[in-house]
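What TrEMBL records for this protein:
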type: SIGNAL; residues: 1-31; note: signal peptide
type: DOMAIN; residues: 83-186; note: domain 'DOMON'
type: DOMAIN; residues: 267-384; note: domain 'Cytochrome b561'
type: TRANSMEM; residues: 267-287; note: transmembrane segment
type: TRANSMEM; residues: 299-319; note: transmembrane segment
type: TRANSMEM; residues: 325-346; note: transmembrane segment
type: TRANSMEM; residues: 367-386; note: transmembrane segment
type: TRANSMEM; residues: 392-412; note: transmembrane segment
Amino acid sequence: MDVGPRSSSRLLLRLATLLCLLFPVSVVASAVQFCKSGQHPGDANDGVDFCVGVSLHRNASTDAHNAYITLTHTRPEKSAAGWTGIGIGRTMKGSLMFVVYGDPTSGEKPVLSIRTADGHDQPTLVAKDQMNGGDIRVMRADWLSETSPPGTVTSTVSLVCYSCTLWPDTSISATAAEQPWIWAWNKNQQFAAFSDDAHLEMHELRMDSGWGRFVVDMAQAETTGPDAPPMPVIVPGVPEHDDSENQSSPSKGTSGAISWHHVGMRIHGVLLATGFLLLLPVGVVAMRSGSPRSFKCHWVMQATGSTAIAVGMAVGLSLHPKINSIHQAGGLSIAGVLVLQAVLGWRHHMSFMRIRRRTWLSHAHIWVGRLVMSGGAINLVLGLGLADYSRLWMALVTGFILVEGVALAAWVRRRSAIAAKTEPEVQGEEEQLVPLQGEEYFVVAEDDDQESYSVRDSTEKDK
């Protein structure tokens, strides 16, 4: 029997229809994938090496969408330090975060911690009642070394976020062509215990090295049909696939929100460094300079430095209102002592103008000033460590602080020696002082100095 082309086509169509009825399939879109690679020495990304794959499928029960997520992170084979996290959302605030950490040598599986945050603060665990009807189930968590580069191991975690688009704290859309995501990592944290609620130390502040953002084409990641898709499989050798770190439109808003945090922290650091390492020391030098305007220069520098410190602290607190580090607690304590220092200086000046001699206020003003400057310098170095600056940067700043401290002490000692040689001999505990003319008296240097140069200049003029 001769079967023509038309008959053959009909036969193939019927066979295809029969196969579809017997074996229903889903129309599956390829899982979107994003990778950030930099594990190899010398790479610009300084070691960050992770990939995330995402698929979506409609949940028939809730009419929301389930998210199928695979996250991998490559790290040194014998290192238990650090963590890696991704989050759905424009910023940390309200983001649904997935954070992975653990010890590959312990025989235990990697820890997946589901968290969120109120801002740029310590992320906290997500409770089930926060999911707004959704749920999260971990399908896989393993350490793999066979497929990793020599000397490294890869944590592979797969999870299903059921009805993920119901998450209330940020917009998660199954139809978004550019759904904002964020990522961050810390490579140095040493964990006391690998619990899901372990305290996380801050990520590095430098963009593209300690944190970043990317967008995912959620519409392309969606699958249709009655069957759920398989867990996404990370495609090796594909650094950026079906999404990008450099997309326009929505990702610009993400970049702006996170960049303000980055810029704000830089402003915080610059203002405090300027106050503690430049303006306050210049105020001390000005006071002991012997100039007729020494007092005016001193209080102007001190006031300007204190203002810079106050503004810098306000910026820092606006970005990190929760106090959860030694640096923050120390900074607030130093600020309180700085206020006390200003009050002591004012009271000392008023007292000296009235009785023409030093009191305990004078010595308290001097020693509290030394405490403020020393504490501020130490806290500045702690801040560099918290911001994950390199050891070289911290060593350079520490060296500068030490050199400046030695130079300032030598200057004060030298001016004290000059004052001791030129001051008239003191008769008894209370000096006979003449009324002040011109500049007013003020002290912030050596507590065993004699009276100020402005007093001596006025005395010489009266003679």
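Each residue, glycine too, has its Cβ placed from N, Cα and C.
A TrEMBL annotation is a machine prediction, not a hand-curated record.
The model shown is predicted, which means the values in this text are computed figures rather than measured ones.
Remark: the transmembrane segment (392-412) makes no contact with the transmembrane segment (299-319), by the rule of 3 or more CB pairs under 8 A. For the transmembrane segment (299-319), the residues of the chain that approach it from at least six positions outside its boundaries are 119-120, 261, 264-265, 267-272, 274-276, 278-280, 282-283, 286, 328, 331-332, 335, 338, 342, 345, 376, 442, 444, judged by C-beta separation under 8 angstroms. Long-range contacts of the transmembrane segment (367-386) within the same chain: residues 202, 269, 272-273, 275-277, 280-281, 284, 309, 325-327, 330-331, 333-334, 337-338, 340-341, 344-345, 393-394, 397-398, 401, 405, 444, 447, each at least 6 residues beyond the stretch ends and with a Cβ under 8 Å from a Cβ of the stretch.
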